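*Asks:* First the structure, which I've put down as structure tokens, then a few questions once you've had a look.
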């Protein structure tokens with residue numbers, strides 16, 4: 001694993017966690033939160049995840065050498081590829097959405113876990129990989145599984161197109177779709193639930209990097225330590241500020257987010273140390289959080305709601321204690337998910 005890519009995963013999950021943190025932020029700090037949100041809306045961490053997913057997807061597909069392989073064998077390879085992705089995403093997503101359904105039924109706490117009938121709809125739309133469509137019709141605070149559904153939808157559809165049309169035409173289609181989505185996206189006001197173009201930017205970043213070569217990017221992105229730190233932080237902050245900087249351009253701002261994330265990926269692939277550090281303590285923190293980024297994504301909001309529920313049962317109203325407890329519970333749950341759900345299935349591949 002490229003260490004700098006781990007650095008991008010680290011930033012991506014921190015951005016996602018931060019954008020959802022108002023669920024547990026103490027009310028006395030809501031003013032600080034609102035001030036930050038006027039400039040930074042870090043839901044664009046998802047763009048970074050999508051760009052990475054698109055890059056590694058096409059990297060894996062290229063290794064299959066579909067264009068030079070008999071169609072029957074190619075079809076089997078694509079099916080195996082999709083199944084592998086399913087086994088990567090499904091166990092954790094299915095487990096935690098089942099936990100959400102269970103709490104909805106046994107607690108009947110509609111504010112935290114939704115109406116049981118509504119949560120059942122969320123459950124089945126998640127296991128069928130159409131959660132983004134469900135959330136578009138009925139958005140909720142537990143709707144973050146939409147991103148997992150969209151990613152899997154993209155993997156399936158893109159892989160089939162790649163199999164049928166080959167590399168060349170798939171690349172052309174990717175470019176055309178990226179251009180179209182600068183100005184139009186399906187879904188109307190909920191189009192952000194269908195923003196698959198960052199995945200395509202990951203694909204295009206792969207081909208650009210492969211065509212130009214790492215040596216070229218390594219040379220032009222060679223900087224001293226101060227410049228590297230400044231540039232990497234500027235890019236993270238810029239990615240976080242895109243949505244608030246372009247409020248009147250709902251389609252273009254997602255395009256800008258995707259392009260920014262793709263540039264960050266190119267920078268990371270040059271391996272010049274922009275998104276990683278030689279400090280062993282900081283590096284271990286980055287590696288730990290990055291390796292558990294999917295587990296953290298699956299658990300964070302749900303676990304926070306569970307902590308809030310138990311605090312309400314025992315009548316503890318200390319916002320700071322709740323905040324700290326929710327974060328600790330999130331890391332414990334993600335560690336459990338990483339070790340005993342996610343990793344077990346990875347080893348079975």
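Going from the start of the chain as shown, residues are counted 1 onward.
Even glycines carry a Cβ here, placed using N, Cα and C.
In TrEMBL, annotation is done automatically, which means it is predicted and not curated.
Bear in mind that the values here come from a model prediction, so they are computed numbers and not experimental data.
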*Asks:* When TrEMBL marks a stretch as transmembrane segment, which of 119-137, 252-270 is it?
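*Replies:* Result: 252-270 is the stretch TrEMBL calls transmembrane segment.
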*Asks:* Report the listed stretch (7-27, 39-58, 93-113, 144-164, 225-246) having the maximum count of Cβ pairs within less than 8 Å of the transmembrane segment (323-341).
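*Replies:* That would be 7-27.
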*Asks:* Under an 8 Å Cβ to Cβ limit, what residues of the same chain, 6 or more beyond the ends of the transmembrane segment (144-164), are close to it?
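*Replies:* Contacts of the transmembrane segment (144-164) (Cβ under 8 Å, skipping residues fewer than 6 from its ends): 16, 20, 46, 49-50, 53-54, 57, 61, 66, 74-75, 78, 81-82, 85-86, 89, 93, 97, 122, 125-126, 129-133, 135, 170, 173, 193-196, 199, 203, 297-298, 300-301.
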*Asks:* Which listed range (39-58, 93-113, 169-186, 192-213, 225-246) shows the maximal number of Cβ pairs under 8 Å with respect to the transmembrane segment (7-27)?
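*Replies:* Looking only at 39-58, 93-113, 169-186, 192-213, 225-246, the most contacts with the transmembrane segment (7-27) come from 39-58.
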*Asks:* Hey, which of 93-113, 169-186, 225-246 has the most Cβ-Cβ pairs under 8 Å against the transmembrane segment (39-58)?
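*Replies:* Selected stretch: 225-246, with the most Cβ pairs under 8 Å.
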*Asks:* Please indicate, using numbers and ranges, the residues of the same chain that are 6 or more beyond the transmembrane segment (169-186) and have a C-beta under 8 Å from a C-beta there.
*Replies:* 158, 161-162, 194-195, 197, 200-201, 203-204, 207, 250-252, 254-255, 258
